[in-house]
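Database features (TrEMBL):
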type	residues	note
TRANSMEM	15-41	transmembrane segment
TRANSMEM	53-72	transmembrane segment
TRANSMEM	92-112	transmembrane segment
TRANSMEM	132-154	transmembrane segment
TRANSMEM	166-186	transmembrane segment
TRANSMEM	192-211	transmembrane segment
TRANSMEM	255-275	transmembrane segment
TRANSMEM	281-303	transmembrane segment
TRANSMEM	315-339	transmembrane segment
TRANSMEM	351-373	transmembrane segment
TRANSMEM	385-405	transmembrane segment
TRANSMEM	411-433	transmembrane segment
Amino acid sequence: MEEAPIFSKAAIRRLILPLIIEQFLAVLVGMADTIMVAGVGETAVSGISLVDTLNILLINVFTAMATGGAVIAAQELGDENREEALKASNQLILVVLVFSTVLMVLSLLFNYQILRTIYGKIEPSVMNYARTYYYLTALSFPFLAVYNGSAAICRSMGNSGISMKVSMLMNGINIVGNAILIYGFHLEVAGAGISTLLSRITAAVILVWVIRNPKLPLCIDKNFHLGFHPAIIRRIMGIGVPMGVENGLFQGGKLLVAGLVSSFGTTSIAANAVAGTICSFQVIPGSAISLAMITVVGQAVGAKRYQEAKRYAKNFIFLIMGAHFLICFPMLVFLPHIIGFYHVSEQTAELARIICTLHGLCCVLIWAPSFALPNALRAADDVKFAMCITIASMFLCRIAMSFILGRYLGMGLIGVWIAMVLDWAVRAVVYVARVASGGWLKHHKVLAARQEAEKTVLQNT
C-alpha cells in the first residue's frame, strides 16, 4: 500500500497562501516607503535605496541562521522527534538574537564609515538622508531577527497563518506611521525610519508571545529559558554559516554593483530604486513558495522519503514559473501607469521601464531554478554546494560583467541588469543538474546514517 504524502495538496495550499500574502505585504511596505518619501525628492529616494541595499546584506546574516534552525526543526518533525525539534526552535531564537545585536551595535557605532566605505563619494544630501535612515533601521535589527526567527518556526510546523496575521499588523503600523510621520509631522526620511522601527518592535513582541504556546507542534520556552545546546547550535551553524556566507557575499556583490550604479548619477540611482521595488512584486509568489519548500522538502528529507522530496522540489519549481507568468504579464502591460505613481523624471521613468521589462521576462523563465531550487538543497543539508555556486557565479558573472557592460562598454544601468540575468542563468543550469544527478541528497544520507549509528551505540551501552 502506497504511503500517504507527508503534505497533502490542501496542506501545501494552507502553507503557501499565507506566505504569499505575507511576502506581498512586505514588498508593499517597501514600495510605500519609497512612494511616500518620493514627495521629498529623488535624493531622499536614493538615500533610502542605498541603505535598504546595505540592510539586506546585514539582515541576511541572521536570517540565514533562522533558516538553519528552521531546516533542523523541519527535519526533526519529519523524523517525529519533537524533543529535538523544540530544542532547535529555542536555539534558533538565541542564535539570531545574538547575531542581530552584534550587527546593530556595529551599525550604530560605524554608521558613516560603513556608508562611506561602500558607496564612496555621493551627494551630501543623499548621504545625510542615508545616515538618518541607517541609524533608525539598525535599531530594529534585533526585533526583526526575533520576528524572522519566530516566523521560521511557524513555517517549519506548517502554520504560516500565524506569522501572516502578525505581518499584516506590522505592515499596517508601518504604512499608517509613514503617513502620520512623513506627511503629518514632516519628518521626511526619519519618519519612514521611525515607523519601520515601531512596526518591527510590535511584530516581534506579539509573535514571540504567540509561539510560547506549548500546544503548538513547535514552540519556545514559556519562560524564555532558551537553554544552551552546543550540538544543536552546531547543526544550525552548519547550515546557517555557509548560507550566511553565501548570502553575505551575494549581497556584498550587489553592494559593489550598487556602488557602480551610484557612480552613474542620481537618475540611475532613482531608476534602480524604482525598478527594484516594482520588480520585488514580480517575485512575490516565488519568494513565498521558496520558503514553503524548506518546510516541505525538509520534512520529507527528515523522514528519509527522498523520492517524495525530489517530487516536491520539481513540482514547486513549475508552480513558481506558472505563478510568475500570472503576475508578470499584467504588470508589464500596465508598467507605464505603475511607474507613474513614483512621480520621477521622464528619463528616470524610461530607464526603469526597460529594466522592469527585462526582469519580468527572465523572472518567468529562469528565476525559479536559480533562487528557489537552492532551498531544496539547503533543506537536504547540501548548503556548501549552493554556497560555492552562488559565490562563483556572483563574482564571475554579476560583478565582472556589470563592470564590463555597465562601465567599459558604456551600457550603464541596463548593462548592470543584463549581467544580473546572466548570473541567474548560470546558477539555474548548475542547480538543475545537481538535483537531476541526485547529488543534493548525499550529505543528508551520510548524516542520517551517522546519527542512526550513534543511536545504536547508545542503545547497546
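Cβ atoms are placed via backbone N, Cα and C, with glycine included.
Keep in mind that what you see is a predicted model, and the values were worked out from it rather than measured.
Proximity of distant same-chain residues to the transmembrane segment (255-275), defined by a Cβ-Cβ separation under 8 Å and at least 6 residues beyond the stretch ends, is recorded for 34, 42-43, 45-46, 48-50, 53-54, 57, 118-120, 122-123, 126, 339, 342, 344-345, 347-349, 351-352, 355-356, 359, 398-399, 402-403, 406-407, 412-413, 416-417, 419-420.
Contact between the transmembrane segment (192-211) and the transmembrane segment (132-154) holds: at least three of their C-beta pairs are under 8 Å, each pair 6 or more apart in sequence. Same-chain residues lying 6+ beyond the ends of the transmembrane segment (351-373) with a Cβ under 8 Å from its Cβ atoms: 267-268, 271-272, 274-275, 278-279, 282-283, 286, 289-290, 293, 313, 316-318, 320-321, 324-325, 328, 331-332, 335-336, 339, 342, 344, 413-414, 417-418, 421, 423-425, 427-429, 431-432, 435. Stretch with the most C-beta contacts under 8 angstroms to the transmembrane segment (166-186), considering only 15-41, 53-72, 92-112, 385-405, 411-433: 15-41. Contact between the transmembrane segment (15-41) and the transmembrane segment (385-405) is not supported: fewer than 3 Cβ pairs lie under 8 Å, counting only residues 6 or more apart in sequence. Most Cβ pairs under 8 Å with the transmembrane segment (385-405) belong to 411-433, among the candidate stretches 53-72, 92-112, 132-154, 281-303, 411-433.
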